[in-house]
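Undergrad: According to Swiss-Prot, the record shows the following:
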BINDING   10-11, 31-32, K38, K53, 75-79, N92, K144, V170, K178  NADP(+) binding site
ACT_SITE  Y140  active site, proton acceptor
BINDING   N169, S180, H187, F201, E202, G203, S204, R209, Y272  substrate binding site
ACT_SITE  K178  active site, proton acceptor
MOD_RES   K267  N6-acetyllysine
Amino acid sequence: MIIVTGGAGFIGSNIVKALNDKGITDILVVDNLKDGTKFVNLVDLNIADYMDKEDFLIQIMAGEDFGDVEAIFHEGACSSTTEWDGKYMMDNNYQYSKELLHYCLEREIPFLYASSAATYGGRTSDFIESREYEKPLNVYGYSKFLFDEYVRQILPEANSQIVGFRYFNVYGPREGHKGSMASVAFHLNTQLNNGESPKLFEGSENFKRDFVYVGDVADVNLWFLENGVSGIFNLGTGRAESFQAVADATLAYHKKGQIEYIPFPDKLKGRYQAFTQADLTNLRAAGYDKPFKTVAEGVTEYMAWLNRDA
């Protein structure tokens, strides 16, 4: 069996899909379906079982057996960069991850987990997986950074695989439940389909991020499981492309619309990553050599998926 925490969420459900595509259906999805809309991410997928996150954590802490577990993909977390309840964030992202890590280490179960580019904070260069480059801007980034630091202490002694992926700006299918935290491509598509003007912040040609397609993210996760490599790795494309490029690809697909530029909100000033670009040196050195989709390629594929029933 393979366990996917956050399996009804954005990246988790895409990992489930990638496993299904390889013929793997013996999957336990762990999630919190208090937001009932997330079930739509699983309706076209095949899994063996579902368990609530709280029940799962109780069983993990009690050391209960889940049978022959081949791996745990730990994607379950609070991923809101605007959530400032630090106790909630540390319980949910840090403490929970530690419990799961030790469960896996004791049983030598491969543990593949979601870290984040938010660990780098407001940098504009050198997004490198090393302590001197890490300075998160928000409590979400701090919770991810602290767990990475915890993993670094354990890695030299670990007898089983531990791998963390610092996801950059992931976009693609199955993110509709994320609301305001969904990608710009998702929001632009919604605005166009609602007959509204698609909106970007003023200066969006200058805001550049490493936008990585979720299908590529899932592929990297599965490659690492198959190849057994440990470590903490950036997971982006290695390219920074502008929000304007995302909009251009969206409008090109829809063949309509004109961008309306809106003022940059004061509340985000100083807490907003204006530039991200993954340094892929370590990922490539680990042996992953496949190309990543460009914004034009990924957004076009995503638009086709979003509008498949149109």
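Just so you know, glycine gets a Cβ as well, placed from its N, Cα and C.
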Undergrad: Would you find the one among the recorded positions K38, K144, K267 whose Cβ has the most company, meaning other Cβ atoms within 10 Å?
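TA: Buried the deepest by this measure is K144.
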Undergrad: Between Y140 (active site, proton acceptor) and S79 (NADP(+) binding site), how far is it from one CA atom to the other, in Å?
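TA: Just about 7 Å between their Cα atoms.
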Undergrad: What three-state class does DSSP give E202 (substrate binding site)?
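TA: Going by the DSSP assignment, E202 (substrate binding site) belongs to neither helix nor strand, so it counts as coil.
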Undergrad: Which one is closest to K178 (NADP(+) binding site) in space, judged by CA to CA distance, out of the recorded positions N169, H187, E202, S204, K267?
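TA: Comparing Cα positions, the candidate nearest K178 (NADP(+) binding site) turns out to be H187.
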Undergrad: I'd like the number of other C-beta atoms within 10 A of the C-beta of F10 (NADP(+) binding site), please.
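TA: Summing over all protein chains shown, F10 (NADP(+) binding site) has 26 other Cβ atoms within 10 Å.
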Undergrad: Restricting the comparison to the binding-site residues F10, D31, K38, which residue's C-alpha is spatially nearest the C-alpha of H187 (substrate binding site)?
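TA: If we rank F10, D31, K38 by Cα distance to H187 (substrate binding site), first place goes to F10.
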Undergrad: Starting from the Cβ of E202 (substrate binding site), draw a 10 Å sphere and report how many other Cβ atoms land inside it.
TA: 11
Undergrad: Measure from the CA atom of S79 (NADP(+) binding site) to the CA atom of Y272 (substrate binding site) and give the result in Å, rounded to a whole number.
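TA: Cα to Cα, Y272 (substrate binding site) and S79 (NADP(+) binding site) are separated by 15 Å.
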Undergrad: If the substrate binders are N169, S180, H187, F201, E202, G203, S204, R209, Y272 per the record, what's the largest distance between their Cα atoms, in Å?
TA: 20
Undergrad: List every residue in the same chain as S204 (substrate binding site), at least 6 positions away in sequence, whose Cβ is under 8 Å from its Cβ.
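TA: S242, F243, Q244, A247, Y261 - these are the non-local Cβ neighbours of S204 (substrate binding site), listed in sequence order.
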Undergrad: For A77 (NADP(+) binding site), what is the secondary structure by DSSP, using just helix, strand and coil?
TA: coil
Undergrad: Of the recorded positions listed here (N169, E202, K267), which is spatially closest to S79 (NADP(+) binding site) when Cα positions are compared?
TA: N169
Undergrad: I'd like the number of other C-beta atoms within 10 A of the C-beta of E75 (NADP(+) binding site), please.
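TA: I get 28 for this one.
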Undergrad: Can you tell which of the recorded positions N169, E202, K267 lies nearest to D31 (NADP(+) binding site) in space, using Cα positions?
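TA: Closest recorded candidate to D31 (NADP(+) binding site) by Cα: N169.
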